[in-house]
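Before anything else, here's the structure in question.
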């Protein structure tokens, strides 16, 4: 293939070639070995990560990227060296193997689901042309150069050049929801030289064209190539290409030539790469310990040992002989260094990692079991597809959301209308039971052509229609004529509308149900069934929509020979075109539009004008001349349109609901209160996206300004962004601005962008073309600074890869937790790029869900996932880490104080069995009980007060400061735990005169005191007591004493003297008053600072959360009735966000006659009946 650049339009030619020419003969019998190595001729797709051969090495490689696993692997190697090992090797290898195995099994199960989905897609059936006949084959066997046949409602197999179709002029209609999120139809057309082949297999088999085109790339809206056929070259562009992921609509069949397959298709090029996700918790603890604790003690103790051996131990070798491998005090110190490294590993034992995985697993099951996140209509529960990101859910700062299928259902509903100053469409309350809705729903049974899915509840409108109100009739006649919808009637009476946008479909369907049925059209006529009577209107002209006009009109001749113009469009435009006689009616209609806008409905105005025959003939001549003009054709047409679109008579206005997912506005508002910023990244049109942003409360009418970036080059985009920043924060353009000074000093790849506070509330809208320039060079910093100061950001007309680039931009410079949520294949790259990916199991396949970390069915479950489960998981994990490090600092640092009394010999204070059981048995259940069941407030209060979420975003509960508190507290407790028992047993004796100042008694007192201290400490930390919490905490004390008497019993010591070396110590020590006095004193001294800090902190160092918790406790004791929220009016603001096509409508296509099938093709059509 040729890689072509610098193609600016269809008439431009190729200026440069960047790779060698590759000839592709498209005759299916040619061998595929002639294809370029650049081209992947196999159509197999692969979204899975592993196979049977690479699973073990690749999975282990990924798992050992976690610092915890790598650390314990190094520790295991050290424990295998007998000269330095102070603990058996199996104490590390068994837990490590268990953790790796559990994680590996979980990863394998997730990947098997991806394999199943890949197999399902790869094994779909398709008709392939082989030796002159069509044979059924699998998708995976399709290769570059094959000719395949696609039928209506069938997904496109690979990126292919359209050769011919069943439609006139070889048109094909496709839906691109999986690519760009749009469900409106797009038109593709084959080139003339291939369209004549139709479905003639002989001609298709003999086709020997040669295509030169660009290399595979991810640009969805761009394709350049040349077809050489029969000595002529034909220019190929995006309009000739059917992309994988599209669905054929309203087209019986079409033939295509495969250009790109498998991973080379534009869909797969935009799918993004999988990145290994680690949480803040996975990285921080080990970094803290490496920096603050591991190496300082490991260095000090060997130095102390070397000094002691040199000054004391060297002279006492007759009593304490050196080992054979020790030749000097330096060598002994070197071995002691590694021995202490192993001893001090209990600061971060492998039980920490095991406990973290268990806590994450438990909190994941809470998500799976949450009945409030279960979607009954689809019988779909929420799924935590990964167990490693739960606490990250409690730290989310940015949410990146798709629009279609995520925020909206992509269902347009004719909600209300205003006709001649009368308002229709009083809908029932939102939470009325279903059976009541069915009872109040209007029955359209009298209309045989009505759409059974259409719902309306205001009977007064039906009464106006049946009574023959002329204005109501004219209003619906206008809706049934002024559109570019195409009708299909394969079964008589069952009409299927194919609309370029869902809005048009909703309006035409509404007119259909109220008795004005658009039935069929040709290039010259429109057939409408009016109240049961079939009438044919002559189509004289379509004045098509574009982004400047914001309206469309049709001119028709009625059966009574009247020339009528019907117009619909944005109210801001239509109002300027009205006849002066409509002023009073316009004022009333505008009030209705205010009401519609306050409800977030999409509005437009409808008007008409009766034209004089003489005037129309004169205008028609001008119109024909403008259509044939070669210079400034669009401008001349616009001038001609304005001549006829004036002095319009107002009929009324429509209000369409772009039906949101349930609870979306409330969810967005709740997340905003939690200081979570929401960016909408969509492939849809700007008007539609902005309207949805207002409906969802992402944008608000009270905002100071919504900036729109629409520059066509980098410099223009930069200037627009700087202009926006000058309004949001004027000082930010000065060199003296702190952020500018900061950016000037920092290297681009190494800094975190500081937070900036704007002087008001702002929004930002940017399209995909401008975004491509904004993501280049240092313009991306301008974009980031402006976007991060905005309350909401809308990025429209985006490719899937651009979505991922925006997410990566925020991740790179903001160092915050990001979450991406979507439902389609076009959202996969964004979901993979974010820290947390959430898939909605919607109508656009399973790709998003299969590549997500969490999945559910409705967007409003996101607030519960984040504010309830996420906050609980973060709080629990932070409590767990702070307590776990404290108890292990207190446990381990006793060895450090003991080293001053044993010559720094790495001898442990405790019995080996206590060291083994401390984290595994004695303290495991209490910490698990707290980490799985504790909650400061319940789920209801968590949602009522989203401000409680802020500490997670700022990471207030476990950071360097909190870690140092744990370390200082652990050091203090270890001092108390060591020196008070030391003082209690030093030179002391029992009542019978025997000494108790022995190592074993001292060890027992220290470890028993330690168990009491850490148990009391966790009891003070718990805020939500359950039966299980009591059982775990106090039961663990009972387990300790039971095992104490068992392990120190005379029987075990006699049977295994080398294993159990503390015979009778428990029995002889626990009956001494010195021990119990020491335990009580130690517990009191260790708990006093904790109790004092917890009491004084809210008084002298209160934070916002403390104030909210105090308010919640007050509300629990003094419940208040819910406030009545007045309806918010937004006078003076009207938004017409009618979703016309983003370029041009189907007007030119319809009037050209290309959509009209020949009689030979109309096998399933039916004549209109009166």
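The backbone N, Cα and C atoms fix where each Cβ goes, and this holds for glycine too.
TrEMBL: automatically predicted annotations, no manual curation.
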Using TrEMBL as the reference, determine which range in 30-48, 87-105, 106-124 is annotated transmembrane segment.
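Within the set 30-48, 87-105, 106-124, TrEMBL attaches transmembrane segment to 87-105.
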Need the matching range: TrEMBL marks transmembrane segment on one of 823-844, 845-866, 999-1020, and I'd like to know which.
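From TrEMBL, the annotated transmembrane segment range turns out to be 999-1020.
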I'm validating the feature mapping. Which of 880-901, 1100-1121, 1122-1143 is tagged transmembrane segment in TrEMBL?
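That would be 880-901, the stretch labelled transmembrane segment in TrEMBL.
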Between the candidate ranges 64-81, 136-153, where does TrEMBL place the transmembrane segment annotation?
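From TrEMBL, the annotated transmembrane segment range turns out to be 64-81.
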Taking the residues 402, 403, 404, 504, 545, 568, 602, 682, 683, 684, 797, 803, 826, 827 listed for ATP, what is the greatest CA to CA distance in Å, to the nearest whole number?
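Those residues reach a largest Cα separation of 34 Å.
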What subset of the recorded positions 402, 545, 602 lies within 10 angstroms of residue 827 (Mg(2+) binding site), using C-alpha positions?
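402, listed in sequence order.
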Based on Cα distances to residue 545 (ATP binding site), point out the closest of the recorded positions 402, 404, 823.
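Nearest in space to residue 545 (ATP binding site), counting only the recorded positions, is 404.
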When you scan the chain for residues with a C-beta under 8 Å from the transmembrane segment (1027-1048), skipping those not six or more beyond its ends, what do you find?
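Beyond its ends, the transmembrane segment (1027-1048) has Cβ neighbours at 911, 913, 917, 921-926, 928-930, 933-934, 1004, 1008, 1011-1012, 1015, 1018-1019, 1060, 1062-1067.
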Counting other Cβ atoms within 10 Å of each residue's Cβ, which of the binding-site residues 404, 826 comes out lowest?
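Per-residue Cβ counts within 10 Å for the binding-site residues 404, 826 bottom out at 404.
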Between 0 and 100, where does the mean pLDDT of the domain 'P-type ATPase C-terminal' (851-1102) sit?
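Result for the domain 'P-type ATPase C-terminal' (851-1102): average pLDDT 86.
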Of these recorded positions, 402, 827, which scores lowest on Cβ atoms within 10 Å?
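Looking at the recorded positions 402, 827, the Cβ with the fewest others within 10 Å is that of 402.
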Could you round the CA separation between residue 823 (Mg(2+) binding site) and residue 402 (active site, 4-aspartylphosphate intermediate) to a whole angstrom and send it over?
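Here the two Cα atoms lie 8 Å apart.
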Sorry to bug you, but what's the C-alpha spacing from residue 797 (ATP binding site) to residue 404 (Mg(2+) binding site), rounded to the closest Å?
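Distance between the two Cα atoms comes out at 12 Å.
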About how far apart, in whole Å, are the alpha carbons (Cα) of residue 797 (ATP binding site) and residue 402 (active site, 4-aspartylphosphate intermediate)?
12
